[in-house]
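Feature annotations, reproduced from TrEMBL:
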COMPBIAS  287-303  compositional bias 'Basic and acidic residues'
DOMAIN    183-213  domain '4Fe-4S ferredoxin-type'
DOMAIN    223-252  domain '4Fe-4S ferredoxin-type'
REGION    287-395  region 'Disordered'
Amino acid sequence: PMLNFPDKVVDGIRILQYLLGAEECLIGIEDNKPEAILAMRQALRNQDTAEVVRIPTHYPSGGEKQLIRILTGKEVPSAGLPAQLGIICHNVGTAAAIADAVLTGRPLISRLVTTTGEGVAQPCNLEVLIGTPAGELIEQAGGYTDAASGLIYGGPMMGFRLSTDQIPITKGGNCLLLPSVAESPPPESARACIRCSRCADVCPVQLLPQQMYWYARAKELEKAQDYNLFDCIECGCCSHVCPSHIPLVHYFRYAKTESWEQEEERRRSEHAKMRHDFRLARMQRMEAERKARLRKKKEDLAKKPAKGKAAAKDPKKAAIEAAQKRVAAKKAANKNSQKNTDHLQPAQQAQIDAAEQRRQQAEPVEEAPPASGGIENDPELQEIFKQETSSHFAT
Ligand code: SF4
Ligand code: SF4
């Protein structure tokens, strides 16, 4: 983009500066790209808040943390972000895409991809839609040559070998490399580490690759992380210089992926446990609420009859109970008392019988009917009445 669309890159830089409130913008360009430096300086001639800085061509100076250190002298802390230092680092492709999105409304649907190596007939830069198969780019670049020994997606140091060209170009893809055998000889078989420390000498992040390799190989991932595994930028320098041809970066990628998976698994199980605990608490709360409702219902039921007992009670039942109580009381009172009908003479008994007969023939005394129903319709009440009256006459 710097050579072909420098103005678009500058527009993107201005938008970014406005959005981020950035006071200063440094554009680092390696000193082996003089045309790009010239094009960008010309595009920036009216800008005083952005400046092109020529940096030494030294792999991997394009890495985010390395570039920040070269341009500002500041070191991004381990496991930290540049934003913690008040710095945001973007590449020029992102700046051009931002200008497209903001100024023309065109979303990020294409990438500039370099198709190069002795294995392709006409190496070139192609702007292709994201999702285009790698094979179509190679076709556009004149197709395969007899020297092609493989296909690498990405740069020579950090790229991935592809087993087929029917792989789509993704948003992060920037290079398709078709090297010859001379450019990328097949990897030799790995031998044991001889502790030469060459890997540590070349590491741009000052890590100890041999230690990380040791623990990654033993699947002791936590110990590998103790050696700042996640600060590794996978630049491949250590693998490149290793005299034992140990594919160190592969071990580090494996250890990182495995650590992420373990972390994800731990996070998932924590989430599941949290959901289980929450469900348990919810069930307990619902059970407690149900019991409280039942208890309240019982209490309400227990209170209701006590409150309106007299009013709520069936008047017929009340009359029966009262009569039964009176009968029982009278029976109890009469039990031990001497009756004047004991030891009657036959004549006296005859007199009583005659009186009883007269009483039965006499008009019944009209009594006030109970609140609901009458004694004449209720055999139970009549029986009680009979008992009560016979008991009365017996005394
Ligand atoms: S460069 Fe290779 S052999 Fe030497 S210490 Fe590192 S891993 Fe071991
Ligand atoms: S790939 Fe090797 S050299 Fe590069 S950062 Fe990681 S450990 Fe260091």
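Cβ from N, Cα, C; glycine included.
For the compositional bias 'Basic and acidic residues' (287-303), same-chain residues at least 6 beyond its ends with a Cβ under 8 Å from one of its own Cβ atoms do not exist. Per DSSP, the domain '4Fe-4S ferredoxin-type' (223-252) is made up of 17 helix, 0 strand, 13 coil. Averaged over the domain '4Fe-4S ferredoxin-type' (223-252), the predicted model reaches a pLDDT of 93.
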